[in-house]
Amino acid sequence: MFERFTDRARRVVVLAQEEARMLNHNYIGTEHILLGLIHEGEGVAAKSLESLGISLEGVRSQVEEIIGQGQQAPSGHIPFTPRAKKVLELSLREALQLGHNYIGTEHILLGLIREGEGVAAQVLVKLGAELTRVRQQVIQLLSGYQGKEAAEAGTGGRGGESGSPSTSLVLDQFGRNLTAAAMEGKLDPVIGREKEIERVMQVLSRRTKNNPVLIGEPGVGKTAVVEGLAQAIVHGEVPETLKDKQLYTLDLGSLVAGSRYRGDFEERLKKVLKEINTRGDIILFIDELHTLVGAGAAEGAIDAASILKPKLARGELQTIGATTLDEYRKYIEKDAALERRFQPVQVGEPTVEHTIEILKGLRDRYEAHHRVSITDAAMVAAATLADRYINDRFLPDKAIDLIDEAGARMRIRRMTAPPDLREFDEKIAEARREKESAIDAQDFEKAASLRDREKTLVAQRAEREKQWRSGDLDVVAEVDDEQIAEVLGNWTGIPVFKLTEAETTRLLRMEEELHKRIIGQEDAVKAVSKAIRRTRAGLKDPKRPSGSFIFAGPSGVGKTELSKALANFLFGDDDALIQIDMGEFHDRFTASRLFGAPPGYVGYEEGGQLTEKVRRKPFSVVLFDEIEKAHQEIYNSLLQVLEDGRLTDGQGRTVDFKNTVLIFTSNLGTSDISKPVGLGFSKGGGENDYERMKQKVNDELKKHFRPEFLNRIDDIIVFHQLTREEIIRMVDLMISRVAGQLKSKDMALVLTDAAKALLAKRGFDPVLGARPLRRTIQREIEDQLSEKILFEEVGPGQVVTVDVDNWDGEGPGEDAVFTFTGTRKPPAEPDLAKAGAHSAGGPEPAAR
């Protein structure tokens, strides 16, 4: 039976349960159903009872007088009484007798009257409403209109007079009266848009085809134009042809929802159109106009657009539509007959200055809602920052959202109880536990003392809460430009908020931080540090990326490692680096994988490997590894990124690169490093050799890349070849990783100077850079140490010292061997492991 209930009838049942709980009754009787019918307020039953002077308060007081309040609030499910069940069964019988295939609020009321013996019937009689009179009122309302629920269910009753009611029951069911909302002050003020509103008035005043359609991007204010028209009608600021018009917005979703049988949807729509024709003063607003095309078109049926076309052409129906440019092109323009019936009105995105005026006009509404004060600086910041940093949405929508969320954020912070209140709660709970324990132990003197302590704490907490609520909550919080910047930073991940003193110090020491991982390469470290400082200080070109560099030089000197160190410095994680291996894009057709496949190709829906990552993380470091291996077409696509900081992906979306650091690595010009012609990179071999090599690399880059590509790069940095001294420093860096792993096993690792020197000697290769050192440490240290751990020669709680035998520090060291000695950590020096982890020479063990 319940599947036949309309939404309003189901709501009545829910409200009946709530009324029973409010009265502490553990059952749902006829009186609770009557309260639910009145409480629902919108159905035919509620309107019938209201017309007879029956109010919710009057019924509730009569129920309390007859039955009274219950002793205890019910828990869990509340059952229906047998009499209430009978009422629901009678409501089904009433519906069938009226020829309805649904059960609405009117049928439930008729069931209550037909039952006639319950508390509900007694209450109605006491309030002066004879049952026969109530029944006549319901039938009279149904004869004028076959029920609001009938429109909801899509079916009518039998017979009845074909008069139209004084109220717009169908339009109220499937739409919203915007002029009534404007009269009640429920609509936000509309700032500007005078030209668009005037153009809409002109189209509406035409004799035929007087149907404007507002076309614009999402969030530019199409609906606001219609609300502005509703306010103009209310204030009388419209021509004579539009005075006294009623502007209704139609909800197509409600029209379609619940139309179970063929013809239900069409019947509902025809009822709406009939009521509009009868009234003669209705202007219909259909948001998302493209949903008309195909709406309700099941097999063999016609859609809503086809039903509306004749009336739109003859001028019998005045409609305002609103849709986006893409949807208009995709749906409306394809249907030429529908398109010619609408006159397009373009709604463009407002300027930043216009957006600021809009925000100032809305300020009072948001201040009242969030109970905050919004400064002028916050308005300016919201408009300018949203315009600059949020590129996939449009003004003023994105700026309004910034203001709204900043206000919500501030209000939530103020509503959070201070920590000392939570401390009071913990102390009170602890006192209660101790008191109960004392009572269980029959220590009543202690229990009495704890009871007094509990009372004191409760009183202190109440006083502190009173101070908090009367103090902090009464002070109106202020939303300023800093709050707006913080919200934007949380949205996009772009740090646009003001620099704190700690971050300023950290940025000024950026080179020092990067050199903890990068040995040497002063030029490269300085270049990227300056780019980041320029960005955070707000002095970078707003239309270009934060920085674009080519890192050239031999393999294994730190080009990729510097990119990872930069990502770690900015985001605290090496994985924050967007790394693209350009060796995967050596063919022309593979370029589509980077930026997104075009329509019709495999992978179109997935987006590009580069564009999708940057779109989701606009503040990032992007590394194009070994750029020379990519196809030439990719360089052409990157020109726009380097110059304008944006790129269009395969789906036509603009991806913003203005807050990224772009790094290209290349090995061009380094193939001659192994030839003994004085072309090496070693600084020890003289700065002239480095300058000659730098010139060679630049010449190779000019041969391989087009001038327009190189001309857009901020800086080309040629990395130095690592010297022997830098390799020794790199030993410390790499050993610290091994020491960190041993620390988790309660072990420390210390290398003597001789061990470091031998590792550097065996791992130093001027051609291959630092990578041979990593393999040497793995072979000489990690492999041998792992065997000693497995053989239990060293173990937890020990300091492992690595030294060298059979080497005086001068010769080739072919016969030299590494030795491993484990000694107990001295209890007085618990930080040995930490010292060893930094490989700073640590304290020597007592003996070997």
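Backbone N, Cα and C atoms are what each Cβ position is placed from, and that goes for glycine too.
Checking Swiss-Prot for region 'Disordered' across the ranges 681-708, 821-848 points to 821-848.
The secondary structure of Val557 (ATP binding site), as reduced to three states from DSSP, is coil rather than helix or strand. Counting other C-beta atoms within 10 Å of each candidate's C-beta, the binding-site residues Gly216, Pro218, Gly553 are led by Gly553. Within its own chain, Lys222 (ATP binding site) has Leu214, Ile215, Gly216, Asp287, Ala322, Val347 as residues 6 or more apart in sequence whose C-beta sits under 8 angstroms from its own. Long-range C-beta contacts of Lys559 (ATP binding site), restricted to its own chain and to partners at least six residues apart, with a cutoff below 8 Å, comprise Ala524, Phe551, Gly553, Thr665, Phe719.
Shown for the region 'Repeat 1' (5-70): DSSP residue counts in helix, strand and coil, namely 46 helix, 2 strand, 18 coil.
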